[in-house]
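Below: one structure, written as structure tokens.
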Amino acid sequence: MRAQPKASHYINGRYVEDDQGTPLDVIYPATGEVIARLHAATPHIIEQAISAAAEAQLEWARMRPADRGRILRRAADLLRERNEEISHLETLDTGKPIQETTVADPASAAEALEFLGGVVAGHHGHYVDFGGPFAYTRREPLGVCVGIGAWNYPIQGAAWKSAPALAMGNAMVFKPSENTPLTALALAELYIEAGLPNGLFNVVQGYGDVGGALISHPTVAKVSLTGSVPTGRKVLGIAGSLMKHATMELGGKSPLIIFDDADVENAVGGAMLANFYSTGQVCSNGTRVFVQNGIYERFIERLTARTAKIRIGDPLDPQTQMGPLINKAQHEKVTGYIEIGKAEGATLHHGGGIPRLQGFENGFFVEPTIFTGVKDDMRIAREEIFGPVMSVLTFSKEDEVIERANDTEFGLSAGVFTRDLPRAHRVIADIKAGSCWINHYNLAPAELPFGGFKQSGIGRENSLAALDHYSQIKSVYVETGDVESPY
Ligand code: NAD
């Protein structure tokens, strides 16, 4: 299996290589095969990308927003036309089942491009009347923005960052995760085809040090990172010390609360989506599932039956519902947490093993896993595992569960399943998290802000909020009379 791109980087409208860079092998997580060999960016490549972006940005910023938006919407159309081909590449890059990538990855990238490309022309500054004199505000671009992606949603991440950046008149240099470098290159090519001028969306490959060099570059005005909390602290530290704008989309350990009156099949479906989609590698996952005592037996029975039917295996088989984890290190981390859960005294209710799959012996698979009898202070209930490991906890009272749900350093997401709508809104209002769901889980439409409270992040992606995070306000006071001066 090969998925070798023409070169490692995409700068100023063309593929560029510098084989002096540190080798970067791309591995298909289902088999462990090397499917492409790339190189991390050298200082020369980084300089080339940033100067191409800086040069292209000046003219782009002067364009009419409606014209910029039209190019983004054309890119959305192309993504949809190429959905099959790009989803295939995303499956090779991530190991996620083709059943998922064909509905979730290029599709949500296209949604962001279409929405932000559409609304940008109506995203104006303000007019302020001073009874004669007046003032107005302008929303101006920041300049060159850096996007740094995680490996779970590679093309979505590249689009969620570049769409608002480009819509507002910025240029972007994007560094994908070293684990999933391929689909950002496909997006860069597709942007050019859609009519984006050269230099506005550049892709450079590399590990954390390349990310650090990009953020520290004096020409760069902003960084948007999707990654773990420890990486977020480092990146925000650099950005803060250099007074640069920053958006941080970080990790979580989100609560999903299921009340006695919930529809049990919907609650089970929600809990499975919240833990097993993308093999559990979703930042907003509801991995602490709090189930009220009265529904507990029925919930566990249906959850177990439905989890046992999950089809795990070949990601390219359209019937497959769960693929491997991203790499060996993540596999060791997740299986390590399963051991920790057992040692801490939680009950391994379902899964926990490594499936034996013919032809995929070297893949990074793990069974969908359910722990019951989990206590709030166990590590499996406090730390982000980023794998298909659900912790089920029980509760009796509304006040109690709110307090326990909030007892975490994270604050990305939360979900509530109940038929009692006043209660649903009351509980969600008290939960300290940025992206919440009532009677569903993990939907992230482009119209809604997405992002976290507390350690889970700063700033928001998607929606009009993202346009604000990729621009700065200029206030302009206009005098219409004489200047009154005491001098
Ligand atoms: P990671 O933090 O290891 O890496 C993220 C990116 O940061 C990679 O591109 C990496 O090369 C880069 N990086 C690492 N060190 C850096 C440094 N010192 N300076 C600059 N860049 C650096 O995260 P990951 O393992 O790729 O992704 C998993 C994490 O991402 C999880 O914690 C998950 O919750 C989080 N995540 C959050 C969201 C969200 O929107 N909130 C979405 C997806 C994933």
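Using the three backbone atoms N, Cα and C, a Cβ is placed for every residue, glycine included.
Site annotation (TrEMBL): NAD(+) is bound by Gly149, Ala150, Trp151, Lys175, Pro176, Ser177, Glu178, Gly251, Cys283, and the candidate from Glu47, Glu384, Glu398 recorded at this site is Glu384. Over all protein chains present, the Cβ of Trp151 (NAD(+) binding site) has 22 other Cβ atoms lying within 10 Å.
Ranked by CA distance from Glu249 (active site, proton acceptor), the recorded positions Ile27, Asp93, Lys161, Glu178, Glu461 have Glu461 at the top as the closest. Not one of the recorded positions Ile27, Asp93, Lys161 places a Cβ under 6 Å from an atom of ligand 1. Across the fold, the C-alpha of Gly149 (NAD(+) binding site) and the C-alpha of Lys161 (active site, charge relay system) stand 9 Å from each other. Of all the recorded positions in the record (Trp151, Glu178, Glu461), the one with the smallest CA separation from Lys161 (active site, charge relay system) is Glu461.
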